[in-house]
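Structure record follows, encoded as structure tokens.
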Amino acid sequence: MLLKNFKPFSSYFKNLNFNPVRKMSFVPRKKFNNGLEIPALGLGTYKEENEAVLIEAVKSALRCGYRHIDSAPVYYNELPVGHGIREAISESQGSLKREDIFITSKCWCTFFSKEKVPICFDKTLSNLGMDYLDLYLIHWPMGFKENEGFYPEDANGKVIPSDVHYLETYKAMEELVKNGKAKSIGVSNFNIKQLQDILDHCEIKPVCNQFEVHPFLQNDELVDFCQKNEITVVAYAPLGAPDRSWSKPEDPKVLENQIIQELADKYKKTPGQIILRWLVQRDIVVIPKSVNPGRIEENSKIFDFKLNDDDMYAFKNIKEQFRYYSFDECDNHPQYPF
């Protein structure tokens, strides 16, 4: 099966006191190049497979003002994400509707061919229990061999590429916009050359590029290219993915950086809030992942203060360079973006 079966969930809510969601969200929205808008803050759901925990995380986010949920089939959790969204809507006493929520998902690398794209998309809609998506992305610019699971590997543990180019994938995604299934389309983890390739051949311009951005990977050149071409930047792992399963003791920790710690003391905020505010002031949408209700709310409290120019510039003094999502298993792929 593409995703795990979802277990009955009604028992998860018997002892939960659900407060109606905020009628108005405090999160500002950023306009896409097609005139539609995306909330500047979203909830990342990467690889959280505890269904009850994720359902409550989604509901907690919507309760405290989030209106943007980021998902993907390869996270193996679209079913509980969808249940969390629908439960929040049904329990909101009419204050929350589907059209209030911005939902993103992605086309995985084993569904790159024009025949497979609508299959992947329709499976996502079914899992989420939705009849359209606000945003659909090409997850990575690399096609993998089809029909052998999400991660087809050779004898050396490297991914087996397909010969399907991302331009074919993108063209098939344009049809999703034309038939009303996806309101907007974009890409993820594309480098400048690959983005320019899309721009040179597309009929519908990508509205965004989602990629890793944080103080240890500021990605100035790629951010500048996107913004000059009216492509919204969405930052994943904005806090350095502290709960990633492959972390090593020697890996640098963004949240412990001295410059960021000093700014947190100055503004009486947490290091995470300082980083998220820095990104938002760079005109970047952020999707921090958390399933802790307290942390989810903490991450949302970034719109009641502003970093001054000197403190924004202070991030340029951070010399540490580190990519947390290198996807080394694919460095043999001809379209590997790094």
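Every residue, even glycine, has its Cβ placed from backbone N, Cα and C.
Since we're looking at a predicted model, the values are computed, not measured.
Look at TrEMBL and you will find Tyr75 tagged as active site, proton donor. The substrate binding site feature in TrEMBL is assigned to His139. Positions annotated as domain 'NADP-dependent oxidoreductase' by TrEMBL: 42-318. Feature annotation from TrEMBL assigns site 'Lowers pKa of active site Tyr' to Lys106.
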In Å, rounded, how far does the Cα of the residue listed as 'active site, proton donor' sit from the Cα of His139 (substrate binding site)? 11
Which residues, sitting 6 or more apart from His139 (substrate binding site) on the same chain, put a CB under 8 Å from its CB? Ala72, Val74, Lys106, Cys107, Trp108, Cys109, Ser188, Asn189
Please state whether DSSP places Lys106 (site 'Lowers pKa of active site Tyr') in a helix, a strand or coil. strand
Within 10 A of the CB of Lys106 (site 'Lowers pKa of active site Tyr'), the number of other CB atoms across every chain shown is 27
Cβ neighbour count (10 Å, all chains) around the residue listed as 'active site, proton donor' is 21
